[in-house]
Amino acid sequence: MDYDFKVKLTGERERVEDLFEYEGCKVGRGTYGHVYKAKRKDGKDDRDYALKQIEGTGISMSACREIALLRELKHPNVISLQKVFLSHADRKVWLLFDFAEHDLWHIIKFHRASKANKKPVQLPRGMVKSLLYQILDGIHYLHANWVLHRDLKPANILVMGEGPERGRVKIADMGFARLFNSPLKPLADLDPVVVTFWYRAPELLLGARHYTKAIDKDWEDIKKMPEHSTLIKDFRRNTYTNCSLIKYMEKHKVKPDSKTFHLLQKLLTMDPIKRISSEQAMQDPYFLEDPLPTSDVFAGCQIPYPKREFLTEEEPDDKGDKKNQQQQQGNNHTNGTGHPGNQDNSHAQGPPLKKVRVVPPTTTSGGLIMTSDYQRSNPHAAYQNPGPSTSQPQSSMGYTSTSQQPPQYSHQTHRY
C-alpha cells in the first residue's frame, strides 16, 4: 500500500476516543472485555450508547460471529449494532450499541432482595406478560431467520429505560449464536456444551446427541413468568422425588386450571418435539386476555429499578454474585462440562461466565431471511398501544414517573 495513502487513511479513520466520552463510565466487565456507557462528544444527540471493547487484540471467532449476525438482524426485540470501530494503534475492536438501562437478571434480583428484606415489591401481571411476549417475539424472529441464540438467560435479556424505546425488550449477546439449516444438528458439529448450566433444556442435561431450536426458545421462558423468583430454589434442588408441576404451583397460588398454568405446562414439556414453539406460545389464550401485552413493559407505571452503577478498575462487575459464580464453576469442574469465562449481555454481567471460542466452527450453509418484519406479517405479533407517555423529570432517587396516575409499585403485596 502506498505510504502516503496509508497515512491519509489513518488520519481520516474515525477513532472511538475522538467521538465518544466514556472514561470512568464502565458498567460491565468480563473475559469478553469491557462495556462503557458513552455519549457523543459533538452533542449531535443526547442518547446514551453502550461501547463494548473486545478483550485482547484482533477479532475472536465469537466477536466475528456476533458482528456478522447483528449486522443482518433487524428487529425491535433484538439488540441493534450501530457501528464497529477498529483501533489500528492497539488492535482493539469496539462495538457500539444502544444503551439499555436494565436487564432481566437485575430486575429479578431487585424483587428477590425486596422479598428478603420483608418489603416485597410485587410485579404487575401486565409487566410480566409484556416481558414474556416480547421475548417470544424476538426469539421467533431469530428462528424464522435460521438463527439459534444458544445462550438465552435473564442477563442476556435487556430492557430499555427512559427514552423513545422505553420498556422495550432487547435480546443480546450473539457470541454463541449459530446459523442452522437442518431440523437436527449433531452436537459434535458445534460446541460440546451450549447454554449456561442453570438454563439448559432437559434434553441437553439428559445427554441428547442432537438438538433443535427447542433448546433455545421455550425452556428458558419459565424465568420470565411471574413465579420464577420464588421457584428458583426449587429448580436447583438435586432431587426431584415425587416432583410434579402442580405441587410446586400450588404453593405459589397458581391454579391448575388457569391459562398461566396451561402455558407453563406447554413451555416446560420435557419432550422437545411436543414442546410448543415460540410462535405457538405467542398465540396462547394467556396473551389474549386482559391485561394485553404492550410494547412498553413499564406502561402506566414508574420504573423502580436503580440505574446501572459505574465500576472502578478493580471492582468486580457483580459483587453480590461471586458466590453463585464460584458454585457454578465448582459444579462445572465436577461434571466436566463447564466453560467459565465470557458472559456478555452487551451491558452488564450476570450469572456464570462463558469462554470465548477460538476454534472455528464447522462451516454451515444457509442464509438469513430479511425480507419482512415478523410483526407486520403476523397479526398475533401486534402489541397493545399503551398511548403516548409524557415523562416528568427524574426524582432524586433516579426513578421516573408518568404524568398520569398509574398503579404504583409499593412495599405492599397487591393483586394485578
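Any Cβ shown, glycine's included, is placed from N, Cα and C.
Since the structure is predicted, the reported quantities are computational estimates derived from the model, not experimental observations.
Summarising the environment of ASP151 (active site, proton acceptor), the number of other Cβ atoms within 10 Å of its Cβ, over all protein chains shown, is 24. When secondary structure is read from DSSP and collapsed to three states, ASP151 (active site, proton acceptor) falls in the coil class. The active site, proton acceptor annotation in Swiss-Prot covers ASP151.
Secondary structure at GLY33 (ATP binding site), taken from DSSP and collapsed to helix, strand or coil, is strand. Taking Cβ-Cβ distances under 8 Å and a sequence gap of 6 or more within the same chain, the neighbours of GLY33 (ATP binding site) are LYS52, GLN53, ILE54, GLU55, GLY56. Among the features that Swiss-Prot reports, ATP binding site is placed at VAL27, GLY28, ARG29, GLY30, THR31, TYR32, GLY33, HIS34, VAL35, LYS52, with the record citing sequence analysis.
If you look up Swiss-Prot, you'll see 361-378 (among others) marked as compositional bias 'Polar residues'.
The compositional bias 'Polar residues' annotation in Swiss-Prot covers 386-416 (among others).
Across the residues of the region 'Interaction with CCNC' (1-15), the predicted structure has a mean pLDDT of 74. According to Swiss-Prot, the feature region 'Interaction with CCNC' maps to 1-15.
The region 'Disordered' annotation in Swiss-Prot covers 313-416.
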Residue among binding-site residues VAL27, VAL35 with least C-beta crowding, 10 angstrom cut-off:
VAL27
Whole-number Å distance between the CA of VAL35 (ATP binding site) and the CA of ASP151 (active site, proton acceptor)?
19
Cα-Cα distance linking ASP151 (active site, proton acceptor) and ARG29 (ATP binding site), given in Å to the nearest integer
18
